[in-house]
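Encoded as structure tokens, here's the structure I'll be asking about.
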Amino acid sequence: MNPPDSARARAEALRAELLHHNYRYYVLDDPEIPDDAYDRLLRALQTLEAEYPELVSPDSPTQRVGAEPLAAFAEVEHRVPMLSLDNAKSAEELAAFAVRVGRALGREAVDFVAEPKLDGLAINLTYEDGVLRCAATRGDGRRGEDVTAQVRTVRSVPLRLRGSDWPRLLEVRGEIVLPTAGFARLNARMRESGQRTFANPRNAAAGSLRQLDPAVTATRPLAFVCYGFGAVEGGPACATQYEMLQALRDWGLPLSPQLERVRGLDGCDAYQRRIGALREQLPYDIDGVVFKVDALADQETLGFVARAPRWAIAFKYPAQEALTRVEAVEFQVGRTGAVTPVARLAPVQVGGVTVANATLHNMDEVVRKDVRIGDTVYVRRAGDVIPEVVRVLAERRPADAEAVALPAHCPVCGADVVRPEGEAVARCSGGLYCPAQRKESLKHFASRRALDIEGLGDKLIDQLVERELVHGPADLFRLDQAQLAGLERMGEKSAANLIAALDRARSTDLARFIYALGIREVGESTARALARGFGSLDALMAAREGDFVQRRGVSGIGPVTAEALAAALADAADPAPDAQPVDWLLGLGVRGLTRPRAETLVEHFGTLEALRAADAEDLRAETRSLIEGVGPVVAAHLVAFFAQSHNREAIAALREVGVHWPEQSAAADDAPVEPEARPLAGRTLVITGTLSRPRPEIKARLEALGARVSGSLSGKTDYLLAGEAAGSKLTRARDLGVEVLDEAGLEALIGGAG
Ligand code: IVH
């Protein structure tokens with residue numbers, strides 16, 4: 001059917017709107033609409049295209065994923081070679097570069113474009129008539145690999161350029177990177193599923209892009225940052241690198257937020273220092289900064305040597321990896337009893353910080369990386385993540401290197417260490433009898449996002465547990481001032497303050513309380529979903545697996561077997577009247593259908609007739625979460641947690657000492673629920689952009705609602721309150737996964753309080 005003009009016009013309008021919002025989001029870092037409104041527009045377009053497939057165009061924002069897996073990458077020749085950069089490893093070498101350039105151009109103060117040197121993968125994007133036609137890796141600089149289908153899945157790469165004055169042919173140069181936060185999440189995921197982890201974000205970006213199946217690339221949070229151009233045919237004339245970059249930006253290509261124009265050596269030097277100090281806070285790994293002579297005519301004058309331009313240089317920062325020796329491996333016990341191997345290292349400088357300990361994550365990782373005591377290893381640190389051992393230099397292994405063994409007993413309490421089959425993590429079986437687990441769970445219970453007991457720090461909890469003043473969380477609320485004042489580093493005043501803080505913490509909300517219990521894999525957002533879904537703690541405690549997840553189909557039958565079986569059932573001749581159902585099924589010769597599974601199937605369906613009427617959907621095992629974030633594993637943790645008598649007793653004890661929260665069922669039954677006067681207690685907010693009232697006023701109000709207002713964003717920030725013209729903080733918040741609120745969102749959050 002030919003789509004009506006109205007549908008065609010609507011699809012065009014939706015695409016133009018989506019293009020505009022992509023630009024606001026990825027390039028200007030200043031979205032006009034929230035994410036769900038964007039998703040609605042995208043879904044509207046998807047629906048329209050589903051109805052009229054003729055309307056689908058390759059540059060439609062709906063067409064990012066969808067290409068079939070490739071057999072191999074094709075080779076692509078770059079129209080203009082992709083060069084590399086000379087390095088300056090010291091301020092002196094940078095000065096020598098500036099002097100060289102100044103001399104060659106016969107000028108003192110040369111203007112440079114300055115940007116961070118992102119540690120990712122160089123990519124060339126070819127746009128023809130404004131549409132992305134090809135994306136290729138750098139390769140040997142002349143020819144690279146065609147990764148178009150993979151790069152299309154990167155959301156910050158425009159599939160079509162904005163505006164209309166773009167060159168007929170345009171090669172865009174830039175870097176594909178994996179933000180540090182996404183890298184940590186990806187590796188955690190790989191580790192959990194027993195796969196090899198990536199050594200650093202650059203390897204992870206390269207590995208993600210070099211996936212033959214673009215659907216895999218699409219699951220990786222890659223980003224693109226543009227820093228230059230290759231072949232350009234047509235389009236506006238630009239005299240400088242900076243102008244050209246601004247044009248690229250207008251066409252929808254994201255530039256580095258730290259892009260600047262600087263003057264002379266002094267400008268370069270100041271820039272290098274400034275970005276160096278900022279390095280840890282950037283959402284991406286950078287290994288230096290790049291300076292490029294700004295005037296394109298000057299670039300031409302300077303030309304090239306070998307494969308690097310004379311008009312550009314990379315100033316390198318100290319590496320975020322260093323070599324050192326593993327002196328010992330010790331095991332730490334966490335809140336849930338997880339026994340984690342930690343390498344004690346000969347102290348070494350990594351990216352400007354001394355590192356003496358690094359995590360080895362779990363025993364599978366120790367085996368996979370084959371780390372032994374005495375080995376020389378690479379350690380890596382970046383941003384605020386825990387340093388880790390990346391790999392061993394096997395050629396430097398001493399003859400007496402010692403293998404690492406998982407201890408049979410907990411190093412803290414002596415209970416057995418157990419490692420359930422199929423799990424990477426070993427655990428101390430001492431439960432809350434283990435002082436290490438007790439300390440860690442109390443620290444979690446008191447932490448900011450849990451009950452937020454101000455002044456109850458880690459050291460204090462260690463003392464309370466060691467002196468046996470506190471066994472379970474309820475004991476905290478039974479402490480008196482005299483007991484507290486007798487502890488190290490505690491005066492009368494701080495003891496009194498802590499008693500007052502404990503008193504405040506008694507009144508909390510259900511989500512915080514659930515989170516504070518420290519149930520395995522129940523983080524803050526899952527705790528919130530549970531509180532919303534169940535309304536009261538008693539309802540949650542009484543829940544069974546089926547209240548969290550719904551199972552359908554036949555356990556053990558995966559999608560592939562289900563398809564094969566459904567096809568075989570459809571083709572099969574009628575069974576003989578006396579046929580034995582299980583044997584008849586096995587006689588179909590379906591791969592993966594074992595006798596126990598066939599027995600389960602017959603039991604599940606009852607009769608062969610019912611079974612023969614089933615399609616693949618009915619057959620395949622599937623679990624559906626009824627509560628956001630709760631799959632079968634978390635459901636099992638929840639049920640097991642509330643089934644244990646010591647946990648039920650601990651909860652009863654907490655209620656007894658007066659810990660309370662408003663519950664939904666209570667709200668419905670007996671009306672007056674204590675109003676939550678400090679809904680932002682324990683939350684940290686950062687403010688950015690222009691708001692409807694002066695900042696100090698807003699800050700004071702937030703503080704009155706219990707919030708801490710901080711000047712800088714980190715992984716510990718709960719919310720970013722963003723006003724008009726919010727800039728880099730907004731991007732950083734997104735990269736860190738910090739929730740962003742506008743003023744209306746804030747009002748909704750505090751629900752009329754204050
Ligand atoms: S310019 C002629 N700018 O560094 C200029 N490169 O050693 C060629 N890189 O392969 C590159 N950030 O992958 C340039 N802001 C930046 C960069 C950058 C990272 C990488 C790029 C290139 C390598 C050069």
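From the backbone N, Cα and C atoms, a Cβ is placed for every residue, glycine too.
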Which candidate from GLU12, GLU175, GLU365 does TrEMBL annotate alongside ASP35, ASP36, ALA37, TYR38, ASP39, SER84, LEU85, GLU115, ARG138, LYS292, LYS316 at the NAD(+) binding site?
GLU175
Starting from the Zn(2+) binding annotation in TrEMBL that includes CYS410, CYS413, which of CYS268, CYS434 is the extra site residue?
CYS434
Near ligand 1, which of the recorded positions LYS117, CYS410, CYS434 are found, taking a Cβ distance under 6 A to any of its atoms?
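Within range of ligand 1: LYS117.
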Report, in whole Å, the straight Cα-to-Cα distance of LYS117 (active site, N6-AMP-lysine intermediate) from LEU85 (NAD(+) binding site).
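Here the two Cα atoms are 10 Å apart.
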Calculate the distance in Å between the alpha carbons (Cα) of ARG138 (NAD(+) binding site) and CYS410 (Zn(2+) binding site), and round it to a whole number.
51
Helix, strand, coil residue numbers for the domain 'BRCT' (675-746) per DSSP?
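Helix, strand and coil residues of the domain 'BRCT' (675-746) number 23 helix, 17 strand, 32 coil.
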Rounded to whole angstrom, what's the largest C-alpha distance between any two of ASP35, ASP36, ALA37, TYR38, ASP39, SER84, LEU85, GLU115, ARG138, GLU175, LYS292, LYS316, listed as binding NAD(+)?
42
Mean pLDDT over the domain 'BRCT' (675-746): what is the value?
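Reported value for the domain 'BRCT' (675-746) is a mean pLDDT of 81.
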Compute the C-alpha separation of LYS117 (active site, N6-AMP-lysine intermediate) from ASP39 (NAD(+) binding site), stating it in Å without decimals.
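That comes out at 33 Å between the alpha carbons.
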Which residues of the same chain, at least 6 positions away in sequence, have a Cβ lying under 8 Å from the Cβ of ASP35 (NAD(+) binding site)?
none
